[in-house]
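Residues or ranges marked as domain 'FUZ/MON1/HPS1 first Longin' in TrEMBL: 11-137. The annotation domain 'FUZ/MON1/HPS1 second Longin' is assigned in TrEMBL to 175-269. The domain 'FUZ/MON1/HPS1 third Longin' feature in TrEMBL is assigned to 296-416.
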Amino acid sequence: MGEEGTEGTVHLLCLAASSGVPLFCRSSRGGAPARQQLPFSVIGSLNGVHMFGQNLEVQLSSARTEDTTVVWKNFHDSITLIVLSSEEGTSELRLERLLQMVFGAMVLLVGLEELTNIRNVERLKKELRASYRLVDSFLGDSERIGDLTQCVDCVVPPEVSLLQEALSGFAEAAGTAFGSLVVSGRVVAATESWWRLGTPEAVLLPWLVGSLPPQAARDYPVYLPHGSPTVPHRLLTLTLLPGLELCLLCGPRPPLSRLDPQLLDRWWQPVLDPLRTCVPLGPRALPAGFPLHVDVLGLLLLHLELKRCLFTVEPSGDQEPSPEQRRRLLRSFYSLVTAAHFPPEPGTPEDKAEDAAQRAQVPRACYLVSGPEEPGTGWRLVALQLGPRRLLLLVSAQSPTHGLRSLATHTLHALTPLL
């Protein structure tokens, strides 16, 4: 298993499906945004071979060369997205979900009507510039994983009940049922209505907030790709503490001016100390002092029914591999086990029926040793599924292979009350 995201280049192409006109091209190299652009002849060839297949009623979805993976996807017979990746270990699953997130981001900020009924290509190009920052965040190395898992990145604060009560009260006073607290693009707490948001907006909204530059307050127009793709809503954000933002999703009301300092102080001043404990939770995800085995170097916990996840590579942070390598290893392992061992997360009713039929054949655990094969070297990766929860662990070389399942089971039981 290669480390997904190691040195390589990713090119993302967006074209009008009917004319083949490029709408934008975004690139990253080594996980950072790059200005490198593909020649127009290459773009035309990639789109041409896809259209050629369509004319013959053949669906071309992916292709591989010695060092590059290419994935095509058409949306609503109007937009074609193409991604090319030369990153080591890149999986087709990762690229397919990348394209789904990119199109979701385009709908979120432009609206489905503009994308499916293209009247003026040049105007659409200008409107799509608003999505560049969000799209670029999917191409680079992120500390979050919701773009791949399609689950909401969450953190667990020590006093979540106090924050939940304050959030619900503030949202009601502001006149909306949709509210959340977001730290570094991860959800700390949310109202029941916010949690009921569909995919992909439940993932995209906190990701959008995490990708924007710091600002005291925002009134941001957004569409909901699943719930309201043609009628815009307003995303109001207020910075409570550096890195910690209060988000409200609403219609024409309330005006941002209604959220005055007196209303904020009334609800948030009494919980200022619990709010402060949330700020460092971004990359750590778990409360300080949470008991994890010393051999655990990183973990990903998914609740497949709630569509939420916890992702951290902070435990034992002074050991090798580096946090960046840990994230890449866990992302690659997730892609591997999801594509090869565990079924995809249930989505449509047809998917759920198929999953139910195959459940008796689904493995409950698997492991992989990455790196040198000598005893005491390399890193162990183990995946365990119990009910709606799936746990992936990155474990140090000192941990014996025969004890991986026991370690994963114990860790999952400890984490279950949190998610």
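The backbone N, Cα and C atoms fix where each Cβ goes, glycine too.
Mean model confidence of the domain 'FUZ/MON1/HPS1 second Longin' (175-269) amounts to 94 (pLDDT, 0 to 100 scale).
Note: the domain 'FUZ/MON1/HPS1 second Longin' (175-269) comprises 27 helix, 40 strand, 28 coil (DSSP; helix = H, G, I, strand = E, B). Counting residues of the domain 'FUZ/MON1/HPS1 first Longin' (11-137) by DSSP class, helix then strand then coil, yields 57 helix, 34 strand, 36 coil.
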